[in-house]
Every structure is written in structure tokens, then in C-alpha cells.
Amino acid sequence: MSTIQLYTKETRVWIPDVENVWRAASLEKDYHEGDKEISLLLEPIEGEEEFESKVLEVAKKGLPPLRNPDILVGENDLTSLSYLHEPAVLHNLQIRFVERNAIYTYCGIVLVAINPYEELAIYSDDFIQLYSGRNMGEMDPHIFAIAEEAFKQMSREERNQSIIVTGESGAGKTVSAKYTMRYFASVGGSSTESTIEQKVLASNPIMEAIGNAKTTRNDNSSRFGKYIQIGFNRRYHIIGANMRTYLLEKSRVVSQAVDERNYHIFYQLCACCDLPQFQPLKLMPASSFEYLRVGNCVEIDGVDDKQEFQETVHALTLLGVSSKYQSLVFRLISAILHMGNIDIEEGSKGEDSCQIQLDDEHLNTMCELLGIEAKQMAQWFCNKKITTMAEVLVTPLSLDQALFARDALAKHMYSKLFEWIVSKINRALISSTKEHSFIGVLDIYGFETFEVNSFEQFCINYANEKLQQQFCQHVFKLEQEEYVREEIEWKFIDFYDNQPCIDLIESKLGILDLLNDECRMPRGSDQSWAQKLYTKHLKTSKHFDKSKLSNTSFFVAHFADKVRYEIEGFLEKNRDTVQEEQVNILKASQKFELVSELFVENEDQKPTEVKAGVGKQGKRMTKVAHSTTKPTTGGGRGRKEMRRTVASQFQDSLGKLMATLNSTTPHYVRCVKPNDYKLSFTFDAKRAVQQLRACGVLETIRISAAGYPSRWSYSEFYGRYRVLMKSSEISKKNYRKTCEAVLARLITQPDKFQPGKTKIFFRAGQVAYLEKLRADKLRACAVMIQKNVRCWMQRLKYIRMKKAAICVQRFVRGCQARSLVRFMRRTKAAIRIQAKWRGFVKRQAFVRVRTAVVTIQSHTRGMFARRVYTTMLRNAKAIVIQKCVRGWLARVRYHKQLQYIIYLQCCVRRMIAKRELKKLKIEARSVDHFKKLNKGMENKIMELQRKLDTSVHENKSLINKVLEIDNLKQQLVQAEEGKSLVEKLKQRIVELETEVGEVRHLLADSQAETKIALESMEKERTDKDEIILELTTHRDKLVEENKSAVEEMKNKEEELKKSSEEAIATSCAQLQHDLDEERSQYQNHIKEYNRLETRYENLKDELEMLRSKELEGSEENGEVPPKPRPRSVAVMQYNMNGDAEGMEPSEELIELRKKIEDLEEEKKNLKERIYEKAEEKSAQLSEQIQLKETLAVNEQMKLELSTLRKSIAENASATLTKDGNVFKELYNQMQAMQDELDVRRSEVIQLKSYVAEQPVSNADLIDKGTMTGTELLGSRNRMEDINLDKLDKSDLKAVLIKVYDHNRMLEAELEAERRNHEFESGELRESIKHLSQKMKQNGSFDMTSPFDGNVQQELTRMSSENLELLARIESMDKQNRKLKRQLKLYSRKLNIADGTPRSESIATLSSALSSNADEDAASIHGHPMLRHKDSTEGGMGMLQFKQADTVKIVQGMIVDFKPRGVAVNMIPGLPAYLIFKLLRFADYSNDDKMIKHLLHQVINCIKKVEKKHDNDFEYISFWLANTCRFLHNMKQYSGEEEFIRENTDLQRRHCLRNFDLAEYRPVFSDISISLFQRLVLIIVHKIKPMIVQAMLEHDTIQGLSSSVKPSGMRGRSSSRESEPGADYTVEVMLKQLSAFHNMMIQHGTEPALIKQVFRQVFYAITAHTLNNQLVRKELCNWSKAMQIRYNVSQLEEWLRKTNLAESMIRDTLEPLVHASQLLQVKKQSDGDAEEVCKMCTSLNAQQIVKLLQMMTPTNDYEERVSLKFIKTVQSKLRNIRTTSGQQESLLMDNSFMYGVTFPYSPSPLGLDQITVPDTLRCANLIKSV
């Protein structure tokens, strides 16, 4: 099929457009060959709504380019497009960048990187792990894929690699290079672990400061090129790096364009001018320096120059630049700035001379900073020296010449400084190890064209011409290799060769050659050079042209564009002239060595080391003579002729760079700037197409299009286009034969495709043609299906209508018959109804008459009844009235009599009172007495008034206190302080209630006194009655307000109760979350500790190997081997002497050495402390320390209680704004009373402590050794007399300390008695043995002899004493056990009060009070401590062994134990039971050394097994199960109540009797965590290669694979050549998981632990699957989502079969389920967006948006997700979901580990049921007891 036949109606094409470069259109009618015009319908662009018609003339513009099908739009590789041309490339990039936010796209071997102007979360370590080891093209395009390709080819082909990063300013070259370096450092991993990448990254701030500047296009533009060469050793670890720089823009130092800046370092230094250390530099603000204010831009928005300067200084320090040299660098930079401010004036002789005032401030400052003489520098700024054959002349300079010379010197100084800093960086990055291979990263300018182009742009474009030539040759070479490899016929591809343009520039008599010749001419000028160019090349080269309107410019036709260059300044920039006299002055600087060092040429320095640049680096002088003699007369001219120009230097460095690149395998990254306004994800088509043309991307497309751009494997072609095949053509065993047959039928032109060995190669447009045929075929099949379905539906409709008609007829006939019958029945019924109706009417008339008669009778009878009731009611009320009146009359008479009596009493009393008054008047006739009495009464009234107010106020406050106490009691009960706080509050409430009662009594008394006082005041001062009445009224009002306040308090109390409950619930949830996080972090620390421990063991093994090699070498040489030394000393000496032969010490080794030295020193110090501590009074000191710690803890608890009370008061005051002062007042009073109570308690505690300490002292214990029974009994009685209920926390702690003290004394007494008993028993046995021997000698023994009688008496006496001692020991044992029980009781109460676990508190006190040297040593070395405990009855369930055989036994039970075969027929957890039985014997023997040795051996052996079999699932699973079982056994037989509840009586008797191993449980728990993590890593490592294939790539549902479009990746051959691997499916992965699950069950692993293991495994499956799906576009479609959902359902079914289907494991699969649902649901309207946000709860916003952006339709009937819908989802997600401030990650964290717990699970088996198998190697060393 010809291309013209494709131009049919509605065919979509591209047409040129002025604004958008290319615009989409479609044909309105078919195009036939010969037509002159094509009618087009332009598609509306953004902002338009209607279609526009346009006619295109074919004769002038040709046929428009065809558009690719929708399924090809957004491809990862541009060369996989069917139609390869400029509009297709531009549109594909725009779709990926704008709609999908994909900044990377492949173009064959080129990676196109578009600057997003936004920080993207696609460079994390998870992405590095994701791309590591993957072939290029398997994942979405990424800079890491290019880096991985280079690293893989270097390691596979052992050839050096290069990554060439180009692009114009602001395109993101530096960032791409930086991420490439980061990837190499991550996957390469520095062998010395002193990561070179960190040093390279540390060099970035330095290079950016001295080599980057703000331009109009970029705020941080690199004004130089660099080539970083990363060295690798034979293991492909990074060992060093080297940096070479090119094209430093020196002219920027003295001049900048408008809105541009100088180099950042100048502004950074000026920003710190106010700092004291920079005062000697005499810096000023940047706007005050001439070199910095030329561009009228001093600051950059959002950039803090001061902060950037600090980073630069920090980076210099990291790279080893001392502060001395840093200060010298800053002096040089400051000197350059001051140089620009030197005022050069015209001289007195006119324009031909100039002068500088010697008192010029900036001149003196510059000379002072450089250490040179100002007078000399001022002279040579204004004059120059000319050396001729006969004499040396000094001529003045004009003003312009002087300014030019000054600027030239400034540029030269900065260039030299730049070179010096680069050399310093290279010294820091260099490595002494031999380099095996390297990867170079080139970050250099792209093609540049401006309005005015000069020498700099010419050299930059010349370099890009060379790079483009190398690029085209490499691309053509790869194409040729691909065709040869596939053995297809091909013709030579014609591609653009820019060699003529390069020859124009660099050939003999080329542009550069003529420029260098002109620079050698004494009077050479730009004009004469231009005339030579016109004469030489204008008519001979088509790449050279001249402007018709100007003689000062010329054109060069580069590969990217035709550029006009202005000749002005070419010669001066090429010469780069600096006056030799000025440089000599700088060389002569003696004050600062760096100044002279910069300008002294190194004779051994080769030209290759000069990083010269176009106007960008300094000149290089070649030494002619090395002798110290003076030059000859013509010597000056000789040196001048040998001076190399900038162009020649740059040409040499460029040639060496190209040689380096040609010797490596290149990889290309083309950075594109999407717009000039730095807008994120905004694509300017004009700017993009300019850069694509300039960087060679379109040339790559053209080369690919000239050959066979579309390449499909046979299997992919068969799966995609099977619908086009006939059954006779299909051969399932031979895909190639099938594909060739169908292509021969479909494509008639044989040159349109070529079948290769593994692929089919298509010409451009053929894939689109096949897609059209496939779509037509599918459309025809759809039409056929629709036709048959519609026929079937119509036939069904006809049959239904026929059946309906017959049914209607049947029903009509039946209806007619029923109508006749109905008429007959109605007639008969009507007659009967008439009869009934007539009878009914008659009956109704009768009923009405009867009802009327009955109604009249009822009303009449009711009237008579009501009359009788009224009469009776009146009589009854009259009787009541009479009764009340009579009573009232009687009461009136009574009250009158009472009033008369009272009146008589009043008269009598008044008479008596008058008499008394008369007497008082007589006595008080004196005026002074009357005044005194009156004054006392006034004071008393005021005092009573005050008392009344105080009483009222106290009454109110106390009532409020009572209410507040009730409220606090309810709140504190709900808080976490526990029972102790509640009890204290209860006590406090009782005290307050007591105080309230007392106050109430006082109030009652005061009220009585007030009443008496008021009565007396009524008699004395009647005028005070009104005041008292007002006070009473006010009090009543206060009482009412109090009642209302009480009601409000109740309401607020309920609200506070609810709020506190909610707060407690929230805090509990937060605490649970924090606990999970802490557990996870703790387990991560364990994991890191195990890794470091393994590393330490490996280093020790290496040291032993090296030491053994040294010994062998010395023996072979006949030397006497050194004596063996202790291991710690050997390690220390090894650490001090450095590393072994041929091995450099790593940072980790150095750190371990330091740790070993510190530990040895600490061990030595601690031993000395132990000896000193043993000599001192250890018990007294420990008691004081513990007492202080306890008091400190008590004070801390009090402080927390006070804080809690204060917070409650503040919360309550904030809640109850009206009565907040009530809470504050109550809190203040409570605080005051609490302080007073604390004082009293402290006094009581001091007294109790003093009393307790008096009878017993440690000194007495040391002297006497034992206590008498009276003292012991006295101390015990004192302990028993203590009332625990009346003690608080501090008292309990003091008592507990004393209890521990007495307990230790009892143990010492018991031990002494036992020793005495053993000694006496031994003597008795010896005497008995001696007597028995005598009996044997004498033959008989006469008991009647005197001697025998004495012996009998002695035996009797000793027996009685022995019995007494035994009784005493038993009593002391009982007393010891009783005291220990009391001790446990006290510790429990103390734990309840403190809220700390029992084991922690006992461990703390025991460690503080213990005086045993062994325990102190153990605690010092970090080992758990053993504690003796109560002994119980028991003698079964043990394995007897000898302590000397411990190592062999444990070795046989753990290290030599083989789980496979041996453990199959045994009880699960058998080694754990056997080890615990050994532990029981050691406990029964009461030998702490034995039990410590046994436990340490068990721990070391388990760790040894974990290290030895770290990748063996069977061993790790087996010992995880046994370690957990051993841990549970330690709990089950510990004797603690919480663990022995489910034990049988026999198991209770088997509990440990002498030692408490609670502190060893965390050790075994940590080992279990380490084994758990290792087990999970083994499982994940085993199934990780299966996950992607099984979950994503394998076609579980047959028939869906044909609809999935292959990627069509055209990667290079090495990327696609992968070793054939197994075809993993979900069934294979589940089979592997089932094997793991069955083995764990077989090993006896607990179900809870198995669930945690597979929860972690399923999380890893989900994370790995989703992460791969998020970076692979071909996996984001409807068909693949169906496959994934089905695979997830298989995993869920497996969970149900294995009884693991609980919510926690099932929840780990939710992200996959939601991702599949997201790809399958409808995505069009706002409602769909709302549904997506509600559905995908397990995915974060980034993941949802990424999946929507990557969703790709695989067929024409699928619709692409619109950009509007994606933005709608983004906005809704931002509104719905609130982030915690942390940035969401796109990928799931593969390294995440859930916190593991080991729920207690007691064993039903008894220890007596466990037997030792005969197959155990150590069975002969142990014996069951």
C-alpha cells in the first residue's frame, strides 16, 4: 500500500503553524494522486471552540505529515513512533511533559530531559534500587536508566563509558550530571566507605560559586564546562574522581549584560562584609563595586547570598582547604573587586596618557591585600614596556588602554584562581589505588546563538560541531550493528556529515588558523582578519557567508542553524594579553605565598593540563630557556612568538576530550528548556523545537526514519496482530514463519519490512498501516457481531409477538363468554337485591323510631338525677364551710390570748430593763467613758462585719472547693496516674472535708456571735439595723448565686468528663501509634547492631587471616614467630600500627579501632574502680546513691503531679471562663497545703531513716561478718512494724532499700552458717572415718570402755549441735523467704505508685545495692545480671551435665544440629526444651557461674548459626521457632504469677528455684527480632525475582494479552540482551510461599509469628509490584489492571487456604486493589473524580495522579484520561486529604518493616515428657534427672 493511499477522509495530519510550529488537522475528503489542493479541517486549539477550514496547496508545500495513532501517542521512545518526523516528536514530548508530567523521554540512545522547573520526588533511594540491575527500556525513561546502562556496560564489556550532558543555559545539565553521580555512588559503593560522591557533591557549591552566574535565561547558569571522570577498581567500586574544566567565561568578571550578574562568589563575599573576620578585606555592599553593578542586578529573588557563602566555606573545609588558604582566596577575590574601583584619570599630556593618584583608596587596599607595592602597580597600570632589538622603551597608555589592561589583569587573576581551586578539588578526589575503568560525565554548553555572537559563541559552537559529528557517527554505527546482528539486507543510510563545517573552522588556513596567524602579526586587526576570511572562504565554502550590508561580520552554517558572528574583539580575546610587568609584580609578592604561587609557571606542567577557555581561562606562557641566564637580545620576541593563543589551547583540549570520548562508549543526555519564563510544566513549542534541532534529536529521528525505525519481536507481533492472521497461516511453534506469511500478504512491497533473526523491522508508517488494518478488522468483526446479534434479537421479538397474539385471542374469547355469564348472573342478582333492599328500608324506619324513643327517655331520667346530685352537693359544701369558720374563730381567740400574754411579758421586761438602764446611766454619766464604750462598739461592729464577710467568702470558696474536689476526683480517676494518685486525692479530700467541717463550725459560732452582737446593737444603735439588713440580703443573694454556680459546675463537669474521655481515647491511640513506631525503630536498631556486629566479626577474621599469613611468611623466611598475645592487645596494636599489607583502613575499621581502644581503656578504668569500690564501704555508698535516686524519682513524680494539677486547672479555667478563678484559687490552696505536707513528710522520712540506720551499719557487717539473732529479730520487727498504708512513694522506697539491706544481711548470715555447718560436718566425717579405721584394725569395739564412752558422748554432742544448726538454717530460710515476699509486696506497691515495671525497678535497686564483685563486673560489661529467688520443691525435668562440657553440649545442640532430616520426626522446639532443661539443672545447682556460662554459650551459638547460615531459610526458621520457644519457657517457668496461670501442678514445681532470668529475656527477644528480620529478608530475596513477572507480566487470564500494546523499545543491543530466565507465574510464587509456610509450621513456629512474617512478605510484594507499575507505562491500562486484580485474588485465596486471611495481612494488598480499580473505573465527570478520591484510600495523591497520567489506551475504543480530569482529581485530593507536613513519596518504601511482637504462648508439654534423642551428638554428656 502506497503512502498516498493513506490520505483518505478524516485522516489526521500535521500542518505548519506560525504560533504553534505545527497544528493538528484532518482531511475533509479523500486525496487522489494528481490533486493540487487538499481540504483540511483544523482542530481547535486551547481557547478556541470551532473548527476552521483551510486549503493546502500540494504543489508548493507537499503532502502534510501524517499523525500517529492515539495508541502510539505518549511513547517512551520517540523512535518507536510509526511516523517519524518533527511534528510527531514535538507532539509526543508535549503530551508526556504537560499531561503526564514525564520529564524524560528516550530518542533511541539519547535521553531527552526537559527541565520541569519544579522539585520532583523521583530521585530517592527507592528509585535507585528500582532501576538498579534493570535493562534500559524495561522501565520508564529516567536519568538513572542511562547511568545504569553505562555502569552495566562498563562491568559487562570492561570498557570505559562516557555520559555526555548537553543543553543550553537553564536546561538542567548540572542537575542531571549531579543525579548521575549520585547513582554511581549508590550502586558502585565506595570500597573505602569514604564515599567519593560526597566529596564530589561537596565540590558542587564551590564550583557553582566560582563558575556559575545569573543570566537572563537562568539564575544559576554554569559559565564553564566540566568533565568528571569517576574511577572504579576491579570490583567496580568508586575509588576516586578527576575533574577537567573548559570554557570559563572570563569576560564576565569585568562586564555583564543587562539584568545579569557576575560570578556568585563576589556577591556572597560582599553579603558577609559586616562580619568581623572580613573587616581587613574592606568590603562594601555589592552595589558599590564597579565589576558587580554593570548588569544592574545585585540580588536574586529567593537566594540568600550569605547562607550560600556559608555552604561554600563548609565545602572548602570538607575538601581539605585550610582556613589559611581560604582567607588567601577571599583576599584575591576582594582584590579583584577593589581593582575594578581604581580611578584611572586622563593625564596632563592629553588623551595619550593617564594617571592614578597614589592615595587612591582602592589601589592601596588592593596592593595591601596582594602584598605588593602600590607605586609600582600604579606605574604599570598607566604605562607599558616595549622591548626592541636595541633598547627597552616605556610608553604611556591612553585611558582606554589602561582600563583594558586593568580588566585583562582582573580576568587573568580570576582565571588563575579558578584553576587553582579546581586543582585543589582534584587533589581531594584523587586516589592512590590503580584505576581499572572509569565513567566520564561531560557537562558542557549546548549550541548558542544570540543577537550578538562573538569569539565565545564561536568556540562553543565549534565544540558542539565536534560533539555532533561524534554523535552522528555513533548513532549510525549502532544502526549498522543492529542490522548486521539481525542479518537483514540494508543499504547505506545517508546522514548529515558536518565535516565540511569542521574543516572550515579547524583545517589549515581555516578560520582558527587565520585567526592565530593574524594574532602573530604586529599590526593585526579584526578588519584585516575578516578580509582574509572573505578572500579565502567566501567562494570556496558553502558553510561560510558574508553579510551584504556589513564588513564586520560573517556567517557560519552550523548543523543547527546559520549563525552571524561579529568580528570585533576576536583578536584581543584570542590573544588574551596581559602585561608581563603587572604579572611580574604579582609574582614578586612575598607576603602571601598563594599570590606568587598562582602566577609562577610550572616547568613540568604539560599543555594538556591547561583547561584553557574561550575568553574563559588564562593564557599559558611556554618557557623557552630554563637557565638562569638573561635572554639574548631577541629573547623577548622569541617568547612572544611561542605564546599560544586561546584558540590553539582550546583546540588542543577539545581534541583530547574527543579522543577520550571516542575511546569510550558514549551515552547522551539532551537537556531541553521548555520555556523562558521558568514556569513549571509549561511547554513552549517554538523554544523546544529550536533546541531539538540544535541538540541532534531530530537528526537521530531522521537517521532512524531512513532505515527501519519500527522493530517488533515475533512474539509481540503475533500477539498484537493475530486478528489479521488466517488459520492456515498460523503456526504456534514457529512465530517467525507465521509473521512472514501474514506480512507477505498484507504488505505487498517487500522493501517496507525486513524479517531479522529475532525481530521484524518496518519502514516508517508501516506500523500505523497495520494498526489501521487491525482497527478495520476489529471494526468489521464488530459489525458482523452486531448484525447477528440484531437478527437474533429481531427473531426473538417476532416469536414473542406471535405468542402474544395467540394469547390475546384466547383471552378475548374467554372474555366474551365470561361477559354473557356475567349478564345472566347480574339479572338474577338484581331481583334478589330488590327484595333485600325493600326489607332493608322497612327495617331502617323501625330502627329510627325506636332510637328516638330511647333517646327521649334517657334525657328525661338524666335531668332528674342531676337535680338530686345538686342538692346533695350543696349540703356537703355547707358542712365544710361551717367547719372552717368554727376553726378560724377558735384560732383567733387563741392568738389574741397569746398576744396579751406576750404584751404582759414585754411590759414586765421593759420595766426591768428601765431599771437596769437607769443604773447604767448613773454609772456612765462620764463623757470619756461613753466615748470609749462607743469606740469599742464601733470597732466591734467593724470586726463583726469583717468576720461576716470573711465567713461568707470562705463558705462560698469551700463549697466551690468541695465541688471542685469531686470534679478533680472524677478526672483523676480517668487519668493515667493510677491508684496511687487516687488514694492521695482521697486522703486530700478527707483532709479538706475535715477542714470544711471545722470551718463550718467556726461559721456557725461566728453566726451566733453575730446574732448576739446584732441584738445588742439594736439596743444601743438602732440606726445600724438597715446595714445589717442589707448584709443579710447580700448573703442570700450570694447563696442563690452559689446554687446557680453549683448547677453550672455540674453541667461543666459533665462536659469536662466527656472531653476528658475523648482526650484519653485520643491519647491512647497516639500512644499506641508511638509504641508501634518505637518498636519499629528499636528493631531497626537491632538490625543495624547485628550488621555492625557481623562487620566487626568479619574484620576480626580478616585480621586473624592476615596475622596467620604473617606468621607463615616469617616461618618460611626462617624468622622466629612472635609470641602470641592476648586478642584485645593484638587488636589494639593492630589498630595503632595501621592496616595490613596491601589494604587501606576503612572508616568503619578506624571507628571500630577507636571503639576497641575506648572499651579497653574503659575496662581498665572500671577494673580499678571495682578494686577501689571493694576496699571502700560499698554497701553504705550504694545505699546513699539509691536513696538519692529514689528521692529524685519521688521529686520528679511530685513535679509531674503538680504539672498535671496545674494543667487541669488551666484547662478548666479555659473551659469555664466564668468561674475560672475558682479553679485557680483551689489549685493555689492545694499547692500551698501540698508544700506544707511535703515538708512534714520529709521530716518524718529523715527521722525514720535515722532510726532505721542506727541499729545496723555496713562497717559492723564487714567487721563481724554475721548478725546475732536478737539483732536480726529486732530489724525484722522494725520492718514489720511499718504500716504500709500510711506511707507514700518516698517512704516505700526508703523501706524497700532497708528491706534489700536486711535481705542481703540475712543471705550473708545464712551463707556463713552453711559454711560453718559444712566445716563441722566435714570434721565429723573425718572423725567417723578415723574411728571406723580403728575398728577395722582392732577387730571389735567395746562400747563400755572409758575411751569409747567419751567418743559416744562426743558423737551425741555433735549430733545435737548438728540438729540445732539444721533447725537454725531452716528457720533462717523461712525468715529469708518471708522477707523476700515482703520485698516483692513492697516492690509491687512501689511499682504501682511509680508506674514502672517490676523488673525494671528491682533491677535498678538490685544493681545499686549489690556489692558482689562479679555482679559489678557483669553490669559493667553490659551483660544481664542474675538474681537469686525463692527456692521451691522439685527435682524432675532437668538434664545433668558438667560445667566443663558446656561448650560441647551447646555446640552439639545448636551449631551441629541439622534441621533437615534430624528435626523432622522430633517434637517441635526440641532444642529449646533441652537447653532449658540444662538451665534448670544449673539453677538447681545454685551455681551462678554455671548458669551464666551456659546462657552466654547459648546466645553466642545462636548468633553463630545466624551468621553461618544467613541465607538458609531452613536454619533461620528453625532457630527462630526455637529461640521464641526458649523465651516462652523462660517466662513459663519463671514463677511469676502472670506467666504461670495456665501451668499444671507439675509445671509449677518445675519453675526456677534460685535465679531470676528476667534480664536475659530482652537479650533473647533481640535475637528473635534479628532472626525474624533475617527470615523476612530471605523470603523477600527469594521471591523478589518472581514478583514482577508473576504479578505484572505473566498473562494469567488468557485472551487479554493480545490487546496489550508492546513497548517497542529500541534500546541498544547490550541493554536488551539478558540471560533467559524462568517464566514465573503466580502459581510458582504461591508454591514457594507454601513451601516456606509449611516449613515454618513443621518447625513449630507459632501462628501469631507466622502471620507477622507473611504480613511483612505481602507488604514487600505489594510495594515491589506497585513501584514497578508506577514507572512502567505499558502496565497502566484496563487489561493489565484486570490481570493484576486476578493475581491479587489468587493471593487472597492462598491466605484463606492457609488460615492467614486476617485483616492485617489482607490490608497490605489494598494498594494493588485500589490501583487496579483506579485503572478500570470510569474517568470523565466530576462525579467520577469524587468516586476516585473516595475509593483509593490506600494510595497517596502522587500515586493516584501518576497512575492517571500514565494510563495508556491499548485499543481505539479506550479513551485517554483528559488533563482536565486529572487536575480535578488533584484539587479534590488536596481538599479532602490533609498532609502532616511531610512530603508524600511516589514509591512505597521497600525497606519498611512492621514492628514484631512475640505474644506469650505457654507450652502444654511438661519438661518431664521431653527425652534426649539418641541421634544427638552430645547425648553421652548429659543425663536426664
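Note that Cβ sites are derived from N, Cα and C of the backbone, with glycine treated the same way.
For Gly167, Glu168, Ser169, Gly170, Ala171, Gly172, Lys173, Thr174, the entry in TrEMBL reads ATP binding site. In sequence order, Asn115, Thr215, Arg217, Asn218, Ser221, Lys673, Lys678 constitute the residues six or more apart from Gly170 (ATP binding site) in its chain with CB-CB distances below 8 Å.
Sequence annotations record features per position, and here TrEMBL assigns coiled coil to 927-1009 (among others).
Taken from TrEMBL, the feature coiled coil covers 1035-1116 (among others).
The coiled coil annotation in TrEMBL covers 1149-1191 (among others).
Residues annotated as coiled coil in TrEMBL: 1362-1389 (among others).
Under the heading domain 'Myosin motor', TrEMBL lists 73-775.
TrEMBL lists 1496-1775 with the feature domain 'Dilute'.
TrEMBL lists 609-642 with the feature region 'Disordered'.
Tertiary neighbourhood of the region 'Actin-binding' (654-676): same-chain residues 93, 97, 107, 109-117, 143, 146, 149-150, 153, 157, 159-173, 176, 180, 217, 227, 244, 246, 440, 442, 446, 462-463, 466-467, 470-471, 474, 608, 682-684, 687-688, 691-692, 695-697, selected by CB-CB distance under 8 Å and a gap of 6+ residues from either end. Per TrEMBL, region 'Actin-binding' is recorded for 654-676.
Neighbour count (other Cβ atoms within 10 Å of the Cβ, all protein chains): 21 for Thr174 (ATP binding site). The residues near the ATP site, meaning same-chain residues not in Gly167, Glu168, Ser169, Gly170, Ala171, Gly172, Lys173, Thr174 whose C-beta sits within 8 angstroms of the mean position of the site's C-beta atoms, are Asn115, Asn218, Ser221, Ser222, Gly446, Cys671, Lys673, in sequence order.
Averaged over the coiled coil (1149-1191), the predicted model reaches a pLDDT of 57.
Counting only residues at least six positions away in the same chain, the Cβ atoms of Val165, Thr166, Gly167, Ser222, Asp443, Ile444, Gly446, Cys671 sit under 8 Å from the Cβ of Lys173 (ATP binding site). Summary for the binding-site residues Gly167, Gly172: the Cβ-based neighbour count within 10 Å is maximal at Gly167. Counting only residues at least six positions away in the same chain, the Cβ atoms of Arg217, Tyr445, Gly446, Phe447, Glu448, Cys671, Lys673, Gln691, Ala694 sit under 8 Å from the Cβ of Glu168 (ATP binding site).
Counting other Cβ atoms within 10 Å of each Cβ, the lowest count among the binding-site residues Ser169, Ala171 belongs to Ser169.
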